[in-house]
Amino acid sequence: MGKKRKQPEKEVSVKKEETAPERPKRTLLGWKDKDAEVEEKQQQNGDSPFFRNKEKLLVTCSRRISYRFRHLMLNMVSLLPHCKKDSKIEAKESKGSTLNELVELKNCSSCLFFECRKGKDLYLWAAKSPNGPSVKFLVDAVHTMEELKLTGNHLKGSRPLLTFSSNFGKDAHWRMLKELLIQTFGTPKDHRKAKPYHDHVFVFSLLDDHIWFRNYQISVPHNETDKVDRGGLDKMTLVEVGPRFCLNPIKIFAGSFGGPTFYDNPFYVSPNERRAADKRKKAGKYAHKVKAKTRRKAHEQDNPLQPDEYADMWKGE
């Protein structure tokens, strides 16, 4: 038998596995592609050329705080979605180091500390941690949301607009306070607890060297006939929500909860001095009454009444 002819070897073609393209991740804000993921990683590592606000705020208070001041603090916590609340701490001389440690443990960059003294005086510390600056306010004219019962209402967790009166730029210390308030009360964009809406506004007004705080709802008509066009501010109205309070700056420090003094308010009068002046005023009024009684007695002794000749006329009848 003849030999079989060798068959040419067939080329075995290995089929490449056809894989579907990777599906982008879905987030609450939409579909995220690879470029967005790379950009987000760069932002997390600090390599991105774009600035991203990562402000976080710690809100806490001192022990033995009164119920009105505690309600004010809780109102501010409900208005600031980027804040974290912590338990009470002792208002001692070492509170600065304790608060700085708490801010670092909570991964925050700012702090609002409500300090109550004598059960009637409220002080507010606003500080940037750990390098400062920080400012100490005396809080006056406190009115909480529960007290006011105003008709305004806005979405919880929405980002506020911050407005400042024009006279904040007249002096250096007011400009520093304005920047500190912007960084403290401003909610960062795309914060995980914040809603992407602007339906209320924080108003900081400078009057008589005091900062007056108000919170207003931006009310817009939603009827088809009354819909507001872009830029149509004439139909928008402001309805007050609350709370209300007044901030009297005492001192501005270079560090966090202490350090060199940048500014010392020359017009500040402590609540103890006010109460002492009121007591002296009341004591002066009492002394005036005592002197008037003494003068009256001396006058009666010097000018006795003459006996009345007709006093006993009808006595016998």
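Any Cβ shown, glycine's included, is placed from N, Cα and C.
All annotation found in TrEMBL is predicted automatically rather than curated by experts.
As recorded in TrEMBL:
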{"type": "REGION", "residues": "1-48", "note": "region 'Disordered'"}
{"type": "COMPBIAS", "residues": "8-42", "note": "compositional bias 'Basic and acidic residues'"}
{"type": "DOMAIN", "residues": "55-258", "note": "domain 'Brix'"}
{"type": "REGION", "residues": "275-317", "note": "region 'Disordered'"}
{"type": "COMPBIAS", "residues": "277-298", "note": "compositional bias 'Basic residues'"}
The region 'Disordered' (275-317), counted residue by residue under DSSP: helix, strand, coil: 28 helix, 0 strand, 15 coil
Chain residues in Cβ proximity to the compositional bias 'Basic residues' (277-298) (below 8 Å; excluding those fewer than six residues from its ends, i.e. six or more beyond): none
Local confidence of the prediction over the domain 'Brix' (55-258), expressed as mean pLDDT: 91
